[in-house]
Amino acid sequence: MQPPPRKVKVTQELRNIQGEQMTKLQAKHQAECDLLEDMRTFSQKKAAIEREYAQGIQKLASQYLKRDWPGIKTDDRNDYRSMYPVWKSFLEGTMQVAQSRINICENYKNFISEPARAVRSLKEQQLKRCVDQLTKIQTELQETVKDLVKGKKKYFETEQMAHAVREKADIEAKSKLSLFQSRISLQKASVKLKARRSECNTKATHARNDYLLTLAAANAHQDRYYQTDLVNIMKALDGNVYDHLKDYLIAFSRTELETCQAIQNTFQFLLENSSKVVRDYNLQLFLQENAVFHKPQPFQFQPCDSDTSRQLESETGTTEEHSLNKEARKWATRVAREHKNIVHQQRVLNELECHGVALSEQSRAELEQKIDEARESIRKAEIIKLKAEARLDLLKQIGVSVDTWLKSAMNQVMEELENERWARPPAVTSNGTLHSLNADAEREEGEEFEDNMDVFDDSSSSPSGTLRNYPLTCKVVYSYKASQPDELTIEEHEVLEVIEDGDMEDWVKARNKVGQVGYVPEKYLQFPTSNSLLSMLQSLAALDSRSHTSSNSTEAELVSGSLNGDASVCFVKALYDYEGQTDDELSFPEGAIIRILNKENQDDDGFWEGEFSGRIGVFPSVLVEELSASENGDTPWTREIQISPSPKPHTSLPPLPLYDQPPSSPYPSPDKRSSQFFPRSPSANENSLHAESPGFSQASRQTPDTSYGKLRPVRAAPPPPTQNHRRTTEKMEDVEITLV
């Protein structure tokens with residue numbers, strides 16, 4: 001059990017409560033004074049900072065306002081399409097905002113700092129008066145409580161005495177008469193005891209009444225103390241301090257809002273005017289003031305004194321006409337070749353821009369350098385192409401058949417670009433070099449070729465050739481499901497590469513995008529309209545046959561080496577990007593095809609040795625997955641021969657159309673009967689497996705032949721689905737097939 005609470009005297013308890021009240025009121029007063037002081041000092045320091053900042057801004061803006069900018073005239077100061085007036089307006093607006101901040105510093109001093117000091121001084125004086133008055137009121141209440149305690153004490157004493165007399169009287173009344181007491185003595189004692197009891201009861205009643213009256217008075221006094229006197233003291237102590245604090249807080253917020261409003265009004269106006277600044281108007285002003293940038297007069301022909309001619313001249317059947325035709329052929333070829341260079345460099349530029357963010361600063365710098373080189377190559381090619389087109393335009397004005405040469409050259413370039421789409425695209429190698437960044441070398445080689453091509457006299461040849469030059473890209477019009485092992489299943493809208501004609505009519509051999517080869521119906525395909533220059537090569541049959549013999553022998557060696565040495569070749573596909581940590585490790589992107597050279601090593605640390613993009617190194621085997629036999633190109637029906645160490649990735653570029661009209665020439669064709677042609681290089685053979693252009697190398701592609709065990713179809717091709725099956729069933733013929 002806990003001991004009963006200790007009884008404290010009422011007067012002592014009252015003094016403790018009143019002392020605590022006095023302490024709390026003084027603490028409240030001190031907190032309010034501290035708040036006033038904080039507001040006062042904060043406003044002073046903020047005003048000083050604002051003033052210093054505003055003066056610094058004014059000094060900064062004034063320095064720039066002293067400069068004389070070009071293009072600012074007195075009558076053009078409100079023309080905000082020029083950047084110089086807007087800039088000057090911005091500086092002037094900054095000066096105005098800085099001046100408004102200085103004015104705000106005065107508001108801090110006038111509305112917060114000085115009034116807060118006066119309010120605090122007044123509050124200190126009010127505290128002293130309130131403390132004296134509260135002490136007096138508390139003393140009066142203490143006296144009242146003391147009287148209450150005295151009345152209570154007197155009441156307890158008289159009541160206890162009366163209680164004792166009453167008990168004694170009751171005892172006497174109940175006691176029996178003894179043998180030695182007389183009745184008279186007993187009566188006297190009883191009368192005396194009753195008189196004393198009556199007197200004690202009267203005193204007790206009087207003391208009780210006094211105590212109750214004093215208690216009522218003390219309670220009334222206490223109620224007034226808490227309800228009136230103490231409230232008045234606290235009200236007097238507070239005074240108007242809360243009104244002043246509210247005014248100061250409002251002044252802080254209003255001042256900031258006025259500052260923000262002034263800044264917003266100024267810079268909103270400047271923002272609207274800044275949006276009117278346009279480059280074209282500023283450039284126009286600059287050009288008006290600087291006549292040196294005006295386009296000069298075109299260069300004029302300055303004839304010799306004895307020369308009376310002012311333009312190109314052509315005489316029918318003369319050497320000059322032949323020379324002009326050769327010039328037209330030369331520059332048409334140059335236009336086509338530069339168009340091809342632009343396409344190549346644009347492809348390289350797109351690949352470089354999609355390369356992603358380089359990890360190191362050095363790699364980033366190298367990547368930016370490659371991008372700049374590609375853009376520079378495009379710029380040079382465009383200039384050369386423009387100059388060649390200007391020459392062709394002048395030749396066309398005198399009747400030279402420019403369009404014929406340009407159309408033939410562009411068709412040849414379009415064929416080459418279309419065939420190159422199936423080759424390995426240009427890519428960045430491990431050492432940062434680019435396979436296709438050789439436009440300058442190609443251009444130099446082309447110029448040397450143009451200088452030497454005058455030895456061929458082919459001005460009477462014709463560009464009207466309709467023979468197909470395989471390999472050729474085509475589009476599937478109707479789906480077809482293979483019914484024989486040597487046929488190929490195709491889907492509608494699929495893009496195929498036709499390799500060669502079939503032995504039977506209406507059949508061709510084609511390769512799909514995954515490398516599968518087989519025979520498909522020719523009428524199920526849509527071939528591009530090609531105006532190639534195959535007929536031009538007929539005049540170079542001797543040179544072509546020599547080049548063809550050399551190229552065939554080289555390809556035979558490559559095929560033999562592939563069959564004998566790469567029978568167990570294995571490829572894997574990268575599942576993630578990997579950056580080599582050392583010089584002997586191989587780096588590759590996600591989806592890369594890597595040729596495996598060795599899976600076993602002495603450490604057995606999970607690293608394989610492989611080749612990617614011409615570089616050999618080791619890499620973690622957990623980052624790749626092995627390709628199946630069909631993916632490796634080793635299906636039993638096709639026996640594809642893989643010469644490149646990695647399969648050609650699928651390019652997302654759309655098929656390039658073959659031009660029926662020159663894409664960049666605005667000239668209409670004058671007369672196609674008088675067309676003349678430009679011969680291809682003797683190294684380009686119409687039956688070659690490679691589609692190469694001067695200075696541009698692409699991956700080699702081998703065409704499967706019947707010598708490797710493929711059976712050519714000896715059956716009629718099915719008609720397209722849109723045609724009626726009007727053909728009758730043809731009799732199967734026995735054909736003797738000889739495997740070589």
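Heads up, the Cβ atoms here are built off N, Cα and C, so glycines get one too.
Residues annotated as coiled coil in Swiss-Prot: 356-397.
Swiss-Prot lists 307-323 with the feature compositional bias 'Basic and acidic residues'.
Annotation comment: Swiss-Prot describes 629-645 (among others) as compositional bias 'Polar residues'.
Per Swiss-Prot, compositional bias 'Pro residues' is recorded for 646-657.
Annotation comment: Swiss-Prot describes 675-706 (among others) as compositional bias 'Polar residues'.
Residues or ranges marked as domain 'F-BAR' by Swiss-Prot: 8-282.
If you look up Swiss-Prot, you'll see 469-530 marked as domain 'SH3 1'.
Under the heading region 'Required and sufficient for location at clathrin-coated pits', Swiss-Prot lists 567-629, citing similarity to another entry as support. Across the region 'Required and sufficient for location at clathrin-coated pits' (567-629), DSSP classifies residues as 3 helix, 29 strand, 31 coil.
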Secondary structure tally of the domain 'SH3 1' (469-530) (DSSP, helix then strand then coil): 3 helix, 27 strand, 32 coil
Rounded mean pLDDT for the residues that make up the region 'Required and sufficient for location at clathrin-coated pits' (567-629): 81
